[in-house]
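Novice: After the structure tokens below, expect a handful of questions from me.
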Amino acid sequence: MADELWDEIQNLELGQEDPALFIPHEAYVMVEASNNLSLIARPLNPRVQNLNSVVVALPRSWGLTTQVHGRVLDATYVQFLFANEIDLMMVQRREPWLFNNWFVAATRWQVAPAHNLVTTIDLWVQIRGISLPYVSEETVLEIAQDLGEIISLDFHEATSPQIAFIRVRVRFGITDRLRFFQRIIFDSGETATIRFQYERLRRLCSSCFRFTHNRAYCPYRQRPLSIARERALFCDSVQRSSMNSQSQMTESSFPVPMTPPPRVDPPPMNHSEFVAAYPHLATATNVNYRFTGDSSTSRQDLSSGSNNILPRRTTHFTDHRRCFETGQSSRQNENREPRRPTERMLPPSHFDHVQRAGGILKPPKKR
């Protein structure tokens, strides 16, 4: 906040009414001599072309790392100082140059530079599709001049080794729209479609075909009806991608709720539905639900209207073989006569033998 306030104070018209300060010519007489062997360059897409990186990368691509000194002039231009004229002319002859797949326009320094130092760029254009009977220098010049100012023509009818395409160096404005096709009509009535291929062109706007920006920042593209809606959709997509990314996942990505959700007690079971679902259980047992004083162990009546899970219950069986009073099982064991240790179960044939013998148990005869 303090920095922004300080910048606003500096931009105020403070001191403009004071008398001007005079600078003698001797103070800057050497500047003209040092800048005479220099190029003023302008990256055409500053959104993706950092000026400090351009100053370092271009002398390396020229092979003149130690012979060229680069520096940033402002937010738009950079300057390259050369040690001799030969290196400067070599760099100009091999234009245009690229950084980060976008063009960098350059021009030689002038004594009295204009406000817009770099407004044009020279590109080599390959003209393709001219029929053989019409291939000539005049035909090529007629076609190329419609593109822009012709700088040079790389074609000679007697010495050119090929005519599949003809190279022409054309000067374009940095805001000009590139064309890739042109329909022409010859005097004979024949028509042809000429194709233009731009050398070293790697990136351009797919909407307006200019090389100063990409499609996302195209000022000539028709915007949607609601820019706010487009911005909201973009922010939503960014948030979704950050949440889906494992590298962005943290413990606070999905915060725990402050209070747990309320627990809802299950409703009582419907007796009619229970009987219809389990008829064998309903007829074989007499299920009773009794209420006790403790709410945690209370049994609910089956006459309630619900089809939920069976509540926990205690089944009381009326079968006399399983129901015993306290101490009854022990008393029955006391009244029962103990079995003789020697007595054992005999087959029916032995009992018949005992009855015939008059009730006296006799061992059977050996056969």
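Including glycine, each Cβ sits where the backbone N, Cα and C put it.
Features from TrEMBL:
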type	residues	note
COMPBIAS	294-309	compositional bias 'Polar residues'
COMPBIAS	333-343	compositional bias 'Basic and acidic residues'
DOMAIN	33-110	domain 'DUF4283'
DOMAIN	172-220	domain 'Zinc knuckle CX2CX4HX4C'
REGION	294-367	region 'Disordered'
Novice: With DSSP helix as H/G/I and strand as E/B, how many residues of the domain 'DUF4283' (33-110) fall in helix, strand and coil?
Specialist: 24 helix, 26 strand, 28 coil
Novice: Between 0 and 100, where does the mean pLDDT of the domain 'Zinc knuckle CX2CX4HX4C' (172-220) sit?
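Specialist: The average pLDDT of the model in the domain 'Zinc knuckle CX2CX4HX4C' (172-220) works out to 92.
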